[in-house]
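Record features, source TrEMBL:
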type	residues	note
TRANSMEM	75-95	transmembrane segment
TRANSMEM	157-175	transmembrane segment
TRANSMEM	187-205	transmembrane segment
TRANSMEM	225-249	transmembrane segment
TRANSMEM	270-293	transmembrane segment
TRANSMEM	329-346	transmembrane segment
TRANSMEM	358-381	transmembrane segment
Amino acid sequence: MQRLLFPPLKALMGSPCLRPLVPRAAPRTQCGCSCGIRRPLRPGQYSTISEVALQSGRGTVSLPSKAAERVVGRWLLVCSGTVAGAVILGGVTRLTESGLSMVDWHLIKEMKPPTSQEEWETEFQKYQQFPEFKILNHDMTLPEFKFIWYMEYSHRMWGRLVGLAYVLPAAYFWRKGWLSRGMKGRVLALCGLVCFQGLLGWYMVKSGLEEKPDSHDIPRVSQYRLAAHLGSALVLYCASLWTSLSLLLPQHKLPETRQLLWLRRCAHGTAGLVFLTALSGAFVAGLDAGLVYNSFPKMGESWIPEDLFTFSPILRNVFENPTMVQFDHRILGITSVTAVTVLYFLSRRIPLPRRTKMAAVTLLALAYTQGSVLFNFIFIGDLDEGVTKIR
């Protein structure tokens with residue numbers, strides 16, 4: 001057995017490719033017996049490869065440990081939750097029409113809110129110089145202004161909290177060596193997207209502060225910038241959540257069957273539909289298109305409204321015609337719910353892990369909950385309109 005193992009091992013260790021990696025042992029001194037005594041090693045001379053690596057600083061493991069991966073995964077899971085909170089708070093800010101109450105943007109200076117009566121009056125006077133006050137809120141009082149100001153202030157401060165939640169732990173984990181090479185790229189992209197999101201938010205608000213002498217419409221932010229702001233937030237949320245779950249949950253190895261391939265394609269298509277539906281909702285909010293028709297499933301007295309193509313060129317109607325924007329949002333919403341339903345029934349026909357089946361059931365429940373909430377909003381609006389007509 002020794003003849004079979006040791007000669008090849010000696011030949012391998014003596015090859016020119018591996019010779020630089022193997023340290024030279026100190027020469028033995030003959031003591032007159034069958035064993036040899038190793039001389040003391042001189043400075044700079046090492047007995048094992050691990051000692052060489054540790055001495056040169058290359059002994060750090062390039063990939064993070066499982067414990068470090070769990071810490072990074074939980075961090076990104078918390079970050080995705082903060083992004084979801086920012087989206088919800090932004091929706092509340094939009095519904096309360098508070099987004100244009102703060103008319104300037106300073107990264108550090110505006111973190112301190114007004115405290116004295118004089119500071120509040122100065123802030124209110126700045127707001128009075130812009131179109132929203134002149135056209136829509138010309139009779140607003142100072143206490144009413146404080147309410148919308150604090151709504152926008154909370155949204156901006158939450159955004160700064162989101163940025164700190166990404167950047168500070170990322171710098172710490174990077175320094176500790178807990179991020180692999182691929183994870184470093186992902187974390188850099190997420191932190192860059194957070195910074196871009198903050199700049200895009202101010203770019204959106206700025207569009208609602210511009211003077212438009214030829215227009216007497218209600219001042220509002222650009223629907224294009226609003227959709228970009230929401231879309232980037234959704235991308236940030238999904239990327240953070242996906243990365244965190246890939247670190248926290250073990251990946252199941254499933255056989256690549258034809259049914260599984262169809263399920264995967266359906267899941268990707270459904271995700272794209274839901275994303276487009278959300279973006280179309282941003283256009284609905286930006287144009288106040290939800291107030292055009294408040295009946296369902298018909299829009300007014302017809303299934304297809306007559307004013308879908310009133311703008312020229314025709315492509316403008318998709319993004320700027322409130323009727324077309326609401327019509328598109330309805331079609332996309334119905335299609336998304338249908339796609340989620342198909343995805344659920346496809347998942348029932350394939351042997352899948354328990355957590356995948358739970359995800360399909362949860363997705364189906366959320367889709368129908370969203371649809372029922374929207375239907376209730378439309379029904380309440382239709383009921384209010386009927387009561388107004390009777391009066």
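Even glycines carry a Cβ here, placed using N, Cα and C.
Panel annotation: around the transmembrane segment (75-95), residues 151-152, 154-155, 158-159, 161-162, 165-166, 169, 173, 190, 229-230, 233-234, 236-237, 240-241, 243-245, 247-248, 285 of the same chain, lying at least six beyond its termini, place a Cβ under 8 Å from a Cβ of the stretch. For the transmembrane segment (270-293), the most Cβ-contacting stretch among 157-175, 225-249, 329-346 is 329-346 (pairs under 8 Å). Non-local neighbours of the transmembrane segment (329-346) in the same chain are 259, 262-263, 266-267, 269-270, 273-274, 276-277, 280-281, 283-284, 289, 296, 299, 360-361, 363-364, 367-368, 370-371, 374; each lies 6+ residues outside the stretch with a CB under 8 Å from one of its CB atoms.
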